[in-house]
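Undergrad: Feature table excerpt (TrEMBL):
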type	residues	note
REPEAT	125-147	repeat 'ANK'
REPEAT	187-219	repeat 'ANK'
REPEAT	254-286	repeat 'ANK'
REPEAT	288-310	repeat 'ANK'
REGION	456-480	region 'Disordered'
COMPBIAS	468-480	compositional bias 'Basic and acidic residues'
DOMAIN	482-565	domain 'PGG'
REGION	519-538	region 'Disordered'
Amino acid sequence: MDRTPWTDQTPSASVEVVDQEAAATDIKTDEAAATDVPILMGMDLDVFNAAKEGKTEVLRGHDPQHLNQILTPTGNTVLHVYIAYAITPKLVKPKEEAPIKPTSVVVVEDILQVCPTLLWQQNESGETALHMAARHGCADIVELLIRTAKARRCEDLEQGTAAFALSSSSEEEAAYWNIYIRTLSKEKDTALHEAVRFKHLDVVEILIREDPDFSYPPNVAGETPLYLAAERRYKALFSEILRTCKHPTYQGPIGRTALHAAVIHGDEEMTKEILNKKKDLAIAADEKGWTPLHYAAFYDRASIVTQLLEADKCSAYMRDEADKKTALHIAGSKGHVRVMKQLISYCPDCCEVVDQRRRNALHYALEKRQSRIIDIIMMDTWLSNVLLNAKDVDGNTPLHLLNAPLCTETPFIVYDKVDKMAFNKENMNALDVIEAKDSSTFKGYLANELKRNGASSGHRILSENDNDGQKLKENEGGEDTETYKNIRESHLIVATLVATVAFAAGVTMPGGYYQASDQGNGTSNVSRQNVTAPSNGPTPGYAVLSKTQAFKSFYIFNMIALCLSW
């Protein structure tokens, strides 16, 4: 066998394979370079453990100039790491001795001596060490960081640039440490946001005491420290901010204010504190157009309604954005009697304000079946005169919207001031509207109640049941409508069938009857389903199963059915 071709081809084949592998490697390298995937680098384990445990001697073993470059994947420095792990004891001050320094404060001082730039350095979230200390409630570390910021000044261009870039929204004359306190994270949170969020009163006191002039604007979520305290019902923190901060920001998300939050959560004390400081918040509306009074009416906060109305009665006349509803509309639809009484007591003419469909509070009460609200309106001469017969944009009076058997609970239909023959823009009165709907028991009852109290069909429109286009016949003298005639006939047919079956069952007893023997031999006539009575047994004509419990039950129920069918 000639092996020459194989021998000649082997080197060339090997070269081709090597070339292909090299080309593939180059392609992979090029693809990796093209994708430009960042490679995350973590902090060295020995440095991380040293930072966690506060072993500053290990940290001193690294180049101080580059210690700020040793970071976790999210940009946390050794100072961030230590504070995240620090357990801060209470600062104890003996009577005759110097203040005791907690270990955590000593460690932070040492770390800042090794690398002073860590004071200002932020992680990827834009958080400084002050943010983290405030979040974890490390009050002593917070004091140390602020004290360090006071003692130091910008010594190099890079640090100074970073510091003043952070203070672009601050006044130029602001103190250096104030710039540090006001530093914002990427979520626009200050250290005070963090302290309030995690309910650290001691940290809140320190931060506000050091910078009482700052207003603390809202973060990305629209939250200010004051709003967070009000929404979470942190009363001590709320009072501290409101009392100490000279220019607090009341703003919250979706256009709400801290007063909205206090009202929604039913906190009378916080509501009172805010109104004492800033009364004009009583008429501040959120994105929905709801004032604090709208929310007080919605959640049935009657005592808070009083506070809001005493602060500014204008809120009783303010309407929301969507439906143009006032607080009175909301109270009427929810059936909140106490709130409605307070609103009418302070602003009796607010009942004249209608929504975008020109509906008043009584329209809402009847539509939502709030009978207690109707009773209040009926008992008030002013309210009843204004609201009883007012028409909405479709010409409907409140009576047109009656869709529940409220007449069993209220004298609304009986009341002579109610115009029972008022027509809407479809030329229908209340009785026409009820009869035009699908038949049901309570709607039929309402129709009868209206008729008893002077209402009758309007006859302004033709009924499909009219012959030759004639108008509806007046239902005088209590004559039945066509619907009730059909129902009566159906009931009559069913009653007849029930009576027939019951009577047949009563005549043809199950098991047959006992009967005297024709031959006296005790046999029974099977074809007649009768049984021959023994000479010493039951009387002929008695039911065979008369002694059984099942037969007795059958007999009782059969008689009941027969009686009820008439």
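Glycine is no exception: its Cβ is also placed from the backbone N, Cα and C atoms.
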Undergrad: Look at every Cβ pair spanning the repeat 'ANK' (187-219) and the repeat 'ANK' (254-286), keep those 6 or more apart in sequence, and say whether at least 3 of them are under 8 Å.
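TA: As far as Cβ distances go (cut-off 8 Å, pairs 6 or more apart), the repeat 'ANK' (187-219) and the repeat 'ANK' (254-286) do not touch.
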Undergrad: Take the repeat 'ANK' (187-219) and count its residues per DSSP category (helix H/G/I, strand E/B, coil), listing them in that order.
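TA: Secondary-structure composition of the repeat 'ANK' (187-219): 17 helix, 0 strand, 16 coil.
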Undergrad: Determine how many residues of the repeat 'ANK' (288-310) DSSP places in helix, in strand and in coil.
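TA: Looking at the repeat 'ANK' (288-310) with DSSP, the answer is 16 helix, 0 strand, 7 coil.
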